[in-house]
């Protein structure tokens with residue numbers, strides 16, 4: 001018992017140190033050669049407000065890397081949070097933020113936008129623009145695309161959620177089952193529509209949809225950061241406020257009901273909240289899988305017997321920041337899509353924990 | 001909290017001062033429930049005086065759990081009215097209702113990652129607002145409830161790892177933490193050995209609140225309940241003291257067994273002794289027509 005507690009405390013301590021280190025350390029990685037000390041220098045300058053003379057280093061740190069790291073953190077935290085809450089309220093360990101067809105709905109929306117631009121001759125080197133993102137500094141063309149693609153994704157995601165909600169209804173009876181099944185059906189439906197559109201689309205459009213669907217934080221900027229941060233922050237507050245009710249749902253609908261929880265209403269509002277988080281994140285950074293499913297489980301395994309909502313968000317955020325660092329650094333002159341690395345590293349890590357737990361338990 | 005304020009304004013007393021004249025904790029009138037055209041409960045009427053313990057008895061499938069579910073509002077009756085301390089339960093908020101009625105169910109879901117202490121502290125749910133944390137007083141209350149059911153030493157253990165009887169006791173501790181004025185128990189003595197069957201029901205009695213419990217063991221119900229409600233095919237077959245309800249004829253009619261009812265040497269209420277040999281009877285002589 002004592003060793004378990006101290007082990008947990010040790011891990012919490014390590015996590016705290018990592019949290020403090022991450023903004024500085026993660027900022028020093030990237031294509032341009034910026035050292036750890038440079039970053040500290042820039043930060044202290046900013047805080048102390050010493051110089052306005054903006055060097056190249058300062059601009060890269062403040063305009064490119066810092067917002068990118070923050071966006072990665074917000075995305076990781078939001079997806080883990082949504083996954084954790086959905087797993088609890090649906091009592092389904094396999095639930096993730098994309099459970100209700102959100103990602104396929106978003107992909108569909110994105111593809112519709114892309115093909116619209118292609119067919120109207122608007123679209124020439126979109127795939128290239130998608131790869132280089134904001135760094136290309138290209139003008140109105142990619143700007144319009146960058147605006148329309150998230151918008152399309154958001155509309156698509158909302159559409160899929162509305163369909164699921166319409167089908168699952170407010171009744172208590174088998175609400176979860178209907179939600180899950182209609183989610184799967186919606187997912188397949190949008191998947192088919194997306195494939196159909198892609199089948200007739202140009203190869204470039206297909207490539208950029210693929211790239212988009214694997215996720216990237218390349219286009220992060222301070223203005224882009226506002227909406228996701230706001231949505232994830234407010235959702236986190238709401239979820240923390242409803243923590244007792246959400247935990248009560250873990251014990252079953254009937255028990256939660258006897259503890260004064262309005263079960264169908266709570267479940268629906270949590271679903272809506274998680275969908276909002278996911279839709280906003282999908283629209284800003286593309287469909288980053290795996291984090292929402294596995295981070296909550298990982299945290300639960302590392303910290304058994306706790307109900308760690310804040311911890312889940314924190315671990316998810318940190319995980320995503322470092323995954324993004326890898327995405328920037330693994331290949332010398334090119335960025336890897338985040339989704340590939342989250343899935344590859346995350347699943348390995350998860351299997352490792354699973355195995356260790358089995359040996360220990 | 002809100003509810004108790006309403007009650008005092010209605011001139012009702014909370015459990016600290018139990019009134020001299022028996023007040024009615026729960027009143028059920030003309031309650032019927034049917035689902036998909038199938039009638040489960042028909043015209044149920046009874047009242048539970050404050051501070052008393054009512055045993056709900058009847059064969060499997062008689063409608064005991066359905067009746068209890070109507071009482072704690074998990075299903076909505078098709079007809080009839082249920083009042084809790086003179087208030088129609090239909091108009092109470094989920095929270096206010098849970099502040100005055102606690103329920104211990106038969107079984108809990110399997111996938112359940114919680115320590116015993118966390119499970120018990122769930123009883124605080126209806127009493128807490130959005131960002132309220134557990135105070136030291138809440139901690140004491142949880143510790144006291146765990147002590148009452150004899151689980152203090154298991155408070156940091158995973159709930160899933162407890163034995164069947166310990167789980168049942170943990171659920172009762174949660175109900176104690178919920179500080180209800182009415183406690184509803186659906187077969188609380190399932191999975192328990194005879195010592196804990198007696199201990200749990202005596203513990204529940206000692207709380208001094210109104211209790212409704214469905215109980216299979218007729219001798220246990222006879223010994224520990226103030227009154228009994230016998231349900232058969234969704235209808236009230238008898239209601240009254242154990243002596244009034246538990247007659248040889250009725251046990252034969254409702255449960256289809258032969259029994260002899262005598263007086264218990266200690267508590268003087270009915271003691272039921274069953275006769276055996278139904279298999280032989282139905283297969284050889286076929287005396288009673290229908291056996292079990």
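Here the Cβ of each residue, glycine as well, is placed from N, Cα and C on the backbone.
All TrEMBL annotations are machine predictions without curation.
Going by TrEMBL, these are the annotated features:
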- A:66-86: transmembrane segment (TRANSMEM)
- A:98-123: transmembrane segment (TRANSMEM)
- A:143-167: transmembrane segment (TRANSMEM)
- A:179-200: transmembrane segment (TRANSMEM)
- A:220-240: transmembrane segment (TRANSMEM)
- A:270-295: transmembrane segment (TRANSMEM)
- A:307-327: transmembrane segment (TRANSMEM)
- A:336-354: transmembrane segment (TRANSMEM)
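Across A:66-86, A:143-167, A:270-295, stretch A:270-295 shows the highest tally of CB pairs under 8 A with the transmembrane segment (A:336-354).
Under 8 Å from some Cβ of the transmembrane segment (A:270-295) lie the Cβ atoms of residues 71, 74-76, 78-86, 89, 94-98, 100, 102-103, 106-107, 150-151, 153-154, 157-158, 161, 164-165, 179, 211-217, 224, 227-228, 231-232, 235, 238-239, 242, 246, 312, 315-316, 319-320, 337-339, 342-343, 346-347, 350, all in the same chain and six or more residues away from its ends. Taking every listed stretch (A:143-167, A:220-240, A:307-327) in turn, the largest tally of C-beta pairs under 8 A with the transmembrane segment (A:66-86) is reached by A:307-327. Panel annotation: around the transmembrane segment (A:143-167), residues 100-114, 116-117, 122-123, 126, 129-130, 178-179, 182-183, 186-187, 190, 212, 219, 268, 271-272, 275, 278-280, 282-284 of the same chain, lying at least six beyond its termini, place a Cβ under 8 Å from a Cβ of the stretch.
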